[in-house]
Every structure is written in structure tokens, then in C-alpha cells.
Amino acid sequence: MNVILKYHFRFIVKNRETTYSSAQRSLIVMQILLRVKFDQTDKVGIRRLLNDYTYSACFPLHEGRWDKNEPNGTILDRRLLYLEWARPGAWHKKQPLSLVRKYFGDKIALYFCWLGFYTKMLYAPAIVGTLCFLYGLCTMDGEDNIPSKEICDPYGPGNITLCPMCDKACRYQKLIDSCKFARLTYLFDNPATVFFAIFMSLWATLFLELWRRKQSMIQWEWDLQGIEEDEEPRPEFETSVKTFRTNPVTREKEPYLPAWSKSLRFVITGSAVFFMLLTVCCAVMGTIIYRLSLVSVIYGGGGFFLKKHAKIFTSISAALLNLIIIMILTKFYHRLAIYLTNLENPRTQTEYEDSYTFKIFLFEFLNFYSSLIYIAFFKGRFFDYPGDTVKASTEFHRVKADVCDPAGCLSELCIQLAIIMIGKQVFNNIMELFNPKFYNWWRWRLHRSNTKDLSRQDTRWEEDYHLQDPGRLALFDEYLEMILQYGFVTLFVAAFPLAPLCALLNNIAEIRLDAYKMVTQARRPLAERIEDIGAWYGILRAITYAAVVSNAFVIAYTSEFIPRMVYKYKYSKSQNLVGYIDASLSVFNTVDYNEGMGADLEDMESPPETCQYRGYRNGPNETDPYGLSPQYWHVFAARLAFVVIFEHIVFALTGIMQYVIPDVPSELKTQMQREALLAKEAKYEHGLRKNDDYDDVLTSMRDNNNASRNERAI
């Protein structure tokens with residue numbers, strides 16, 4: 001950009017209206033405003049004037065109205081974008097990316113290109129995930145679902161008495177009370193789940209590799225290669241840094257932040273981020289304690305309906321509470337992250353956005369996924385057996401008492417994931433649609449109340465000034481929303497195969513909603529040029545690798561797939577799942593309860609002689625009472641073997657895919673090599689011309705020297 005401003009006289013501009021697009025012209029103007037001095041001191045830039053409220057806003061203007069044509073019938077780009085892209089009726093049309101790039105610039109066009117590509121890639125997992133769900137629905141009464149049938153059989157295993165979930169407040173229950181959870185679990189925990197988990201791991205790798213190919217094509221077509229290498233320092237960095245050094249490449253003086261100052265700033269910001277992560281962990285612990293306390297309250301004094309549906313009610317209410325806490329913490333932390341990033345004072349805008357991105361994502365990852373990680377991998381792992389005196393004497397007694405339903409933890413993980421994912425999407429879409437409308441209406445109302453001549457028509461800048469300001473990080477929230485969704489789709493997809501379908505439906509609406517907001521409800525954002533999607537690609541790759549490990553552990557440790565297979569092929573005489581439920585429960589003698597333990601015996605003459613609980617432990621009359629049984633170690637070994645085999649197979653297949661799919665298409669590589677050759681030839685010819693000019697200069701100097709010598713000789 002500086003080259004254009006400095007050497008503009010070397011370009012032949014035949015038509016001022018078409019040589020540069022409107023986005024390019026606004027970018028050139030903004031670069032001038034960012035660096036122009038406004039007094040006799042070193043103070044420069046329009047942003048400094050905005051910060052001290054000399055000016056209230058600085059933004060490029062929209063081209064005409066979006067809701068109607070010009071008086072002469074001309075359709076400007078803004079109106080055309082609404083008709084072909086932003087209106088809800090255009091949801092099935094292909095995005096006009098060239099027009100988006102012309103009007104909004106490369107950065108926004110690249111975001112919509114990525115979002116459209118991601119949405120198209122979701123069609124395959126949405127179809128496969130729906131088929132897996134339908135398989136579970138159609139085989140609900142088949143041989144693979146014998147455990148659910150046994151749980152729901154009131155004259156069989158369903159009549160088993162379960163140990164109370166909490167001491168002195170909860171009561172003994174029958175296994176049939178978990179019938180709904182068992183049937184719900186099978187919809188997502190069936191033989192098709194393993195196939196779908198492998199499929200999603202391969203799909204995620206394919207998505208990243210194909211996007212990298214797509215991005216290389218976009219970079220070449222839009223001339224985005226090498227943008228970051230030529231990026232200028234941020235004006236805020238140039239004006240705030242008081243130390244300078246000589247650039248080793250350009251040999252020019254430039255502002256420089258010393259290493260000790262960077263280290264000190266990172267320590268301060270890192271400590272603040274770590275404190276917020278601890279806050280999230282405390283919020284998760286609070287949700288766990290709420291769930292356990294609510295169970296005690298319901299069983300202690302709730303009505304018949306609440307007692308009958310206590311597990312479902314507790315899971316749903318805890319998930320909703322967690323969602324509310326997530327939204328509140330998100331609003332606060334976004335403001336804190338901007339302050340911390342400004343404190344770090346990165347040199348370029350790309351470094352600024354990358355630093356802000358990593359802070360926000362690290363927090364949001366823990367904020368949104370911590371409860372899911374707890375349910376999937378930790379809930380019920382600390383519980384030993386009902387009469388455990390060691391458990392009752394520890395500080396984490398409540399957490400250790402948080403156990404899964406006899407039908408497993410997968411149903412609760414599914415409910416938590418569905419509520420957080422779908423609730424977040426619905427909330428964000430409602431806010432994106434109605435918040436700008438209300439904001440713009442309120443500003444327009446205030447403007448009209450302060451206007452004396454109501455008949456005067458507003459100018460273009462006045463109309464745009466009343467629109468919502470997108471801010472300097474206009475696309476950050478959009479990227480973050482999609483990246484978090486990608487995590488929901490890949491990390492725990494084994495627990496909720498319908499997640500890709502929910503994501504697909506949301507994204508079809510999201511594209512048009514974002515387009516509608518930018519075209520009609522927001523000021524025109526500043527056009528920017530970027531080389532790629534930035535730090536988001538590295539985050540996507542990290543999530544993809546983590547998804548392989550996560551799904552392997554979800555299938556092995558959260559679902560009942562491995563224990564069922566061990567029972568079927570090791571312990572079952574008929575090689576089926578008949579008797580699996582009884583084999584997965586351990587027996588506890590109620591006389592082994594210590595004082596202060598046991599169930600609420602109200603309305604009961606005497607406690608049952610024995611009760612059963614989830615786990616693989618010896619009975620009370622065996623050699624090692626309540627110790628780990630041989631079946632536990634068989635299941636443990638099978639789970640560990642499955643994780644290792646699953647990861648090696650999936651990582652091997654993904655590695656093959658990465659090797660087979662090149663980053664740059666062969667046609668584009670050939671074209672780039674051809675351009676490099678032509679550039680070398682042009683440079684060589686230019687060098688020859690410079691050498692010819694140099695020879696002419698030397699000849700002229702020699703002639704002048706000879707002439708002066710002759711004059712002296714005369």
C-alpha cells in the first residue's frame with residue numbers, strides 16, 4: 001500500500017472508477033488517515049483523534065440503499081448484494097464472492113469463502129450421522145439392544161434394587177427407573193457409533209486438506225501471496241513504542257519493543273488468563289455441586305413427578321445453568337482479552353489478531369467444553385462403592401459421589417452437548433438478528449428527537465452513522481462461533497451423531513444472516529487484505545488431532561461398547577448380551593453401611609438385604625470384599641487396547657490422506673512456476689537494460705575525462 005502511495009505517478013490510470021475497486025480505494029484512504037500528522041508534535045493517525053473524541057466515527061460509506069434501486073433505475077453493488085446474497089430467499093444461491101470481494105474487501109470475502117466451503121463439507125457427515133441415528137432407532141428392539149430391554153423389564157433385571165445415589169436424602173430405586181435413559185443412550189451408543197467416529201476423524205482431515213488446496217487457489221486468484229511479509233506496523237505500535245533499532249533487512253530505523261518488556265507483558269497477561277481459566281474450573285465445580293444438591297432436594301422433599309423424572313430434570317437444568325454461566329463469562333472475558341492484547345502491544349495487525357485469537361479460544365475452549373470433558377472422562381471415575389469410608393472422609397466427597405446412571409454417562413453427555421450446542425446457536429442467531437435492528441432503531445429515534453426539521457432527508461453519511469459499528473475485529477466473533485461449532489461436531493460426535501446435521505442447518509442460515517447484517521444493519525467495514533484465515537487454521541488442525549483422541553476415549557471409556565464386547569465374547573455362554581446388565585452391576589450388603597450412610601428409610605419398614613451399583617467389584621462374601629474383580633481388568637485392558645488401535649489406524653489413514661492430497665493443485669503449481677520463470681526473464685532483461693545504461697554512463701564519463709585532459713594538455 002505504501003508503494004502505491006509513494007509511486008502512484010508510475011501507474012497509468014485510464015479510468016479512475018474502474019482501476020481500483022471501491023474496497024481498494026477505501027483502504028488507500030484509511031492508510032493515509034492512519035499516518036497523517038494532525039499537529040506539530042509526533043501525534044499521528046485518525047484513531048488517536050477518535051480516542052480523544054475529536055471525531056466520533058470513521059468509516060467508508062455504503063453505496064446507495066439496500067432496499068430499493070436508485071431513482072434512475074441503477075442497481076448499485078449494495079442493492080445487488082442484497083438481492084443475490086443477503087436476503088433470506090437467496091439461501092439456495094451460490095455466493096457471489098467476486099462481488100463480495102469488490103465491495104467489502106479480501107478479508108470478508110475469504111471468511112465467506114471458508115464458511116461456504118465448511119458448510120458444503122458438512123453435507124456428508126450430516127447424512128452419515130443421521131443414518132447412524134436412524135439405525136439406532138430402527139434396531140431399538142433388535143439383538144444389539146438387549147441391555148435396554150433387560151433394564152425396562154419389570155419382571156427381570158429391571159426389578160433389581162439400586163443403592164441410593166446420595167446418603168440419607170436419596171432412596172433405594174429400581175433399575176427400571178433408568179429405562180428412558182437406557183433407550184435414549186442406545187440411539188447414540190450403538191454399533192454404528194464406532195464407524196461414525198472413524199468416519200468423522202477422516203472427514204476432519206479431508207476438510208483441512210481440501211481447504212488448504214482451496215485457499216492456495218484463492219491466494220493465487222486474488223493475489224494474496226506474501227501479504228503478511230509486507231505488512232506495516234500498527235500505527236498504535238509506532239506511536240506508543242519509544243525505543244528504536246535498525247532493521248537488519250531494510251537498514252532503516254524502526255520502533256522496537258525490547259525482549260524484557262515483551263516478557264514482562266506476557267507474564268502479566270498470562271497470569272490474568274490463567275486466573276480466568278481457574279474461574280471457569282470453579283464454575284464447573286459449582287455446576288457439579290448444584291446437580292448433586294438438587295438430587296438430594298428432589299429425593300428429600302420433591303413431588304412424585306419430580307422424583308420420577310429426577311435424573312432427566314437434573315441433567316437438563318444443570319446443562320441450562322452451565323449455558324447461562326458460559327454466556328456471562330464470555331461477555332466479560334472478551335473485554336478483558338482486548339485489554340490484555342493492547343497491553344502486549346503486538347507489532348502488526350496480524351500479530352494483534354493472532355494474540356487475541358489464542359486468548360479467546362483458550363478461554364472459550366475451557367468454558368464450553370469443560371463440562372463435557374468432565375462428564376465424558378471424569379464423572380463416576382472417583383466412585384468406589386457405596387459404603388466407602390475413605391470417600392466420605394475426603395474433601396471431594398461430593399465430587400466422588402457424582403456417579404453416572406446405571407445406563408451409562410453417554411446419555412447425560414448427549415443432553416449436555418445438545419443443549420450447549422443448539423442453545424448457543426439459537427441464542428447467537430437471535431442476538432445477531434434482533435440486536436442490530438434494535439440498536440439502529442434506537443439511534444435513529446434519538447437522532448429524530450434531536451432534529452428540528454423532520455422533513456429534511458438524511459444524507460448518506462448520516463444514514464450510515466446510525467448503523468451498528470462492526471468494530472475493528474468485525475469477523476472475530478463469526479470465526480469463533482464456527483470454530484467452537486467445529487469442536488462440537490468433531491470432539492464429541494460419538495455421543496451426538498446429529499451434531500453435524502444441526503451444524504449444517506445452522507450454517508445455511510448463518511451465511512445469509514451474516515450477509516444480511518453486513519449489507520443492511522452495519523456500517524461498511526474497512527476493507528483489509530490478508531493472506532489466509534490466520535491462526536484459526538492452526539486451531540482447526542489442533543482440534544482435528546484432539547478429536548481422534550477424544551472420540552477414541554469416548555467410545556472406550558464413556559460408551560458401553562467395549563464392556564459389552566468383553567462380556568459378549570468372554571463371559572457370555574451364548575455369545576450375546578443376555579445377562580450383561582446383571583454382570584455390569586456389583587452387589588453391596590446394606591449392613592456394611594456406616595453411621596450417617598445409607599438411604600432415606602421413610603415409608604420403608606426395613607432396608608433391603610442387598611443393593612447393586614454400577615461397577616466391576618467383588619461381592620461382600622468373596623475373598624477381597626468390594627475389591628476390583630477380574631472382569632474389571634479385562635475391560636480395562638480391552639479399553640486401553642481399543643484406544644491404541646483406534647488412534648494408530650486413524651492417524652495412519654489421515655497421514656496417508658495428507659500425503660496423497662497435495663497442498664497446491666498441479667495445475668496451479670505449473671502456472672506459478674510459469675509466472676516465476678517469466679519474472680526471472682523480465683528481471684534479466686531489466687538488468688541488461690540497466691547494464692547498457694551503465695555502460696553509456698561510463699562511456700560518457702570517459703569522454704569527459706579525455707576532453708578535460710586534452711584541454712589541460714593544450
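Positions of Cβ are set from backbone N, Cα and C atoms, glycine also.
Per TrEMBL, the features are:
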- 10-97: domain 'Anoctamin dimerisation' (DOMAIN)
- 100-675: domain 'Anoctamin transmembrane' (DOMAIN)
- 108-137: transmembrane segment (TRANSMEM)
- 192-211: transmembrane segment (TRANSMEM)
- 266-292: transmembrane segment (TRANSMEM)
- 312-333: transmembrane segment (TRANSMEM)
- 356-377: transmembrane segment (TRANSMEM)
- 483-508: transmembrane segment (TRANSMEM)
- 533-557: transmembrane segment (TRANSMEM)
- 636-661: transmembrane segment (TRANSMEM)
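In this chain, the transmembrane segment (312-333) does not touch the transmembrane segment (483-508); fewer than three CB pairs sit within less than 8 A of each other, excluding pairs fewer than 6 residues apart. If you average pLDDT over the domain 'Anoctamin dimerisation' (10-97) in this model, you get 80.
Look at the domain 'Anoctamin dimerisation' (10-97): DSSP puts its residues at 35 helix, 2 strand, 51 coil.
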